[in-house]
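As annotated by Swiss-Prot, compositional bias 'Basic and acidic residues' applies to 757-766. The N-linked glycosylation site annotation in Swiss-Prot covers N56, N73, N89, N109, N325. The region 'Disordered' annotation in Swiss-Prot covers 704-766. Annotation comment: Swiss-Prot describes 1-24 as signal peptide, evidence class sequence analysis. According to Swiss-Prot, the feature topological domain 'Lumenal' maps to 25-170, 227-351, 429-432, 570-580, an assignment based on a curator's inference. What Swiss-Prot lists as topological domain 'Cytoplasmic' is 192-205, 373-407, 454-493, 539-548, 602-766. The transmembrane segment annotation in Swiss-Prot covers 171-191, 206-226, 352-372, 408-428, 433-453, 494-514, 518-538, 549-569, 581-601.
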Amino acid sequence: MRIPLFILTFLFTFFSLATTPVSADSGVLYTDAVTYCAEAKAVIVDEFDITYHRSNGSVTFSFSLASVEPNLNTSVNLYINAYGIQIINQTLELCDLLQGVICPLPQVNFTGYGTYPIPAEYLSKIPSIAYTVPNIEAYARVQLIRVENNEVAACLQATLANGKTAHQKGVIWASAIFTLVAFLVAIWHTASGTSTSPIQYRWFDILFIFQVAAASGLLHLNYPLVYTNFVQNFHWALGLFYSSSMQSSISKMREKTGGSMDSTAYSEVQYINRKLSPYNVYMDDNGILSSPESLAAFFKESALSKRSLEHFAKRATIPSVLAQNMTTDINTGLPVYTNTLRIPEANAYDTIWFVFLALIGIFIAFHVLLFGMVLLFDRMGRNRSHLGWAARLRRMWWPFCVGNSLRLCLIGFFPIWIFAFWQFHIGDSGLSIFWAVFGILLTLVPLATAFLLSLLRARRISSTSPEINSLYTSFRYFHSIGVLYRQYRQKFHYFWFTPFVLAMIARAGFIAFGPASAWAQVIGNLVVEFIVLVALLACRPHKDKKGDWLGAFLSICRLIAIGLLIAFIPDMNVKPIPRAVIAFVIIVFYGVPVVFLFVGFLWNIGYGYLWCKHSTRVEDGLEVERFSPTSSNSSVPPPMMKNVDAATFVSSDGAAASRGSLSMGGAGASGAGLAGGAAAAGTGLGRRSSLIEPVGDNVYEASASSADGALSPPPVTAYNPYGKEEIGYPYDPQDSRLAYEQAAMGRGGVNGPGSPTDEKQWSRRY
C-alpha cells in the first residue's frame, strides 16, 4: 500500500518539530564536515566551507587549495543529494567561470572567501523542511576532472546540516543522571531494611530501556541519520566512554597480544560512499537546476573578479592526505556506532571492560565509606530512635552487599555480553578474547548462583509459615537475592532470570553474531521480545496489577520499536523519507516509556516513607518483619522471640497434652502428663516444632470465632505450594489459630480430651 506523500511530509515535519528545540540559528544550512572522497593527487584542498543564511538569502564560503601539477585544466562536477533525491548533478568548465582566473589552476596555495547573494529563483527551490528536520540527510560532492582524459584530479564530499540534531548533550546528561539517581534511591530504600518501594527494582527498567535503545543502533541496517544520532545519546548505558589515553593504551595492549585490526576511528562523513549509508542515492533525476546553462548563469551573476582575488597569498605546502574511502567496506551497525564515538571497533569490548572494572572499584569504595558511616551512626544512635536505621543496616550489612553486587552484575550484563560476543566474532587480540570470557563469567556466575540457590531455598518449608515460600520468610535471602525476585509473586520468584536474563543473552547473540544477515538480527530480537511479552501476559508474575500492566507495557513498546526496524533492512528498499518518518515513530516508542518511568520514579521516592508505610504483602517482606528482630528500631529482640535449650525443651504438643491431663485427671495425672511431655521432648522434636517459641504474654487472645470453630477435617494427602507431599491435616490459617488457642488454654490436642468433639467440656473449660 502506497502512503500519500503529503501524509509522510506532515508526519516528518511533526516529529521533527516535536524532537528539535527552537533555536536562534534556524534558517541556516552549512557544511558539517568535509573530507576527501578519493586520494588527492593533482589538487590538495585544505579548507572548504559553505554557509547559507536564509534570512538574507546569501552564501558565505571559504576555501584553500593548491595544484601540484603545472597547466592543470579541469572541469568541476557538482552533485547535491538530499534524502536520496538528486538536487544537482552538473558538470561545468572552470574556464567559463570566475572570468577564467583559475584556468589553469594556480600552482600555489591560495585561499578565497566571500559573501554573495543567491537569486530568488533558486531560493524558492529549497524546501522549508530542510530548515526544521534534525540531521537532514543531505550532502554535496565536488569533483575536479581533468579535461584531457576525464580522470578525477580531486574529490571532496561534505555533509550538510541545519544546526538541529537528535544528538543532544542535554539528553545524554538527563538520561544518565536520571538513571544514576534512580539507582542511588533504590540503594537508599534497600538500606532502610523495611521499605516496600518499587524503586528497589524499577531502577533496572529505567536503565534497560536506555540500553535497548542504544543496542538497537548496533544492527546491520540502513539507518536514517536522525536515528543514528538519537541512539548515540545513550552510549553511556553501554559503557562506551571515550578517553584518548585509554584508547591509546588499549591499542598498544592489542598490538602486543596478537591484535592486527585497524586502531583508527573514522568520522561519520567518511561513510558517505558506503552501500548502507543514510546518504545513499535512490531516486529521481529531476533537479532543482535543470541545465548547465542555468547553473553557469548563477555563477556568472555572483562571480569573483580579479580584484577580489588580490587577497590570495602563497602559503606553505599542504601535506598530502591519505585516501579515506577505505571506510567504504566497513559494516554498518556496531562498527559505525563505535567509530562515530571515536572508538575503533577492535577496541570496543576492552573499552567496556575497563569501564566496568572502574565501576567495580567505585562500588567497593562506596560501600567502604558507607560502612564507616553506619558504624559511626550506630554508636551515636543507640539511644536515639531516629538513628535506628544504622543499627538495622549493620545487622543486614552482608546481605545488603550481596544484593548490591547482584545489581552491579545486572548493570554490566547486557553490554558485556554484546561486545564479548562481538570480540569472539572478530577474534584479533588473544588478551581481548580472554577478557571477554572473564567478563561473561563475572556477570553470569553470580546471577546463576543466586538463581540456583533461590530454587533450592524455595523448596524448603518454613517452620514458622509453611504455606509461604521460604524465600519470602528468610531474612538473609530476602535482603540479598531478594533485590531480584521481590517484585514477583511467590510462585514466579524465578522470573527475573527466566526469561529476562536469558532473553538478554539471546538478544546479545543475535546482535553480535548476525552482522551478515540483517533479517536474522531483527527477527531474532523480535521473537525474543515476543516470547517475553507472552510470558508476562500468560503468567502475570508481578505481585500486583500495576506491575503486570507496567511490565507488559514496556515489553509492548520494545516489541513495536524492534518490529519497526524491519523498515531499515536493506532488502526492503524503503525510500529515505519514509525511513526517516519511521525513525521518529521509533523514537516516540522509546520516549513514552521513559516518561511513564519518570512519573513512577517521583511517586516511588516517598513510597514506604511518606505513604504506604506498612507492608501488606508477603512479597514486601511482611513475614520477614514478623520474625526478624531487625523489623523494629530497637536493637533488642522483642519478647516473643526467645532461644530455648533443646535439652529441656517441651514442645507445644507435649505442653498441651500435659495441660489436658491436668484438667482431666487431677494432680497425679498432671505429673504423669508432664513427665510424658518431657520424655517426648527428649526423644525428638515434632516436624513443626521450632526452637523459637512464643513465650510470656505474646499469645493470641481467645475470640468468639475461635471458640466456635468447626470440627477438624479428616487427614488427607496434600501437596504444599512447593511440590512436597504431606500426609495429615491440610494447613489452614484459621485452624492454626484455633489450635494455638487450644494449646494455650490447656486443651489436649485434636482428638484427645478437650477436643472440639467434646463441645460441652470445651464450653465449661472456656
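Glycine too: its Cβ is placed from the backbone N, Cα and C atoms.
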Contact check, the transmembrane segment (581-601) vs the transmembrane segment (518-538), 3+ Cβ pairs under 8 Å, seq sep 6+: no
Among N73, N89, N109, which are recorded as glycosylation sites, the nearest neighbour of N56 (N-linked glycosylation site) by Cα: N89
Cβ atoms near N73 (N-linked glycosylation site) (within 10 Å, other residues, all chains): 15
Entry from the glycosylation sites list N56, N89, N109 having the most other CB atoms no farther than 10 A: N109
Rounded Cα separation (Å) that holds between N89 (N-linked glycosylation site) and N73 (N-linked glycosylation site): 20
Secondary structure of N56 (N-linked glycosylation site) (DSSP, helix/strand/coil): coil
Rounded to the nearest Å - Cα separation of N109 (N-linked glycosylation site) and N73 (N-linked glycosylation site): 16
Intrachain neighbours beyond the topological domain 'Lumenal' (429-432), with Cβ under 8 angstroms and 6 or more residues off its ends: 253-254, 257-259, 346, 349-350, 423
Three-state composition of the topological domain 'Cytoplasmic' (192-205), taking helix and strand from DSSP: 8 helix, 0 strand, 6 coil
Stretch-averaged pLDDT - the topological domain 'Cytoplasmic' (539-548): 94
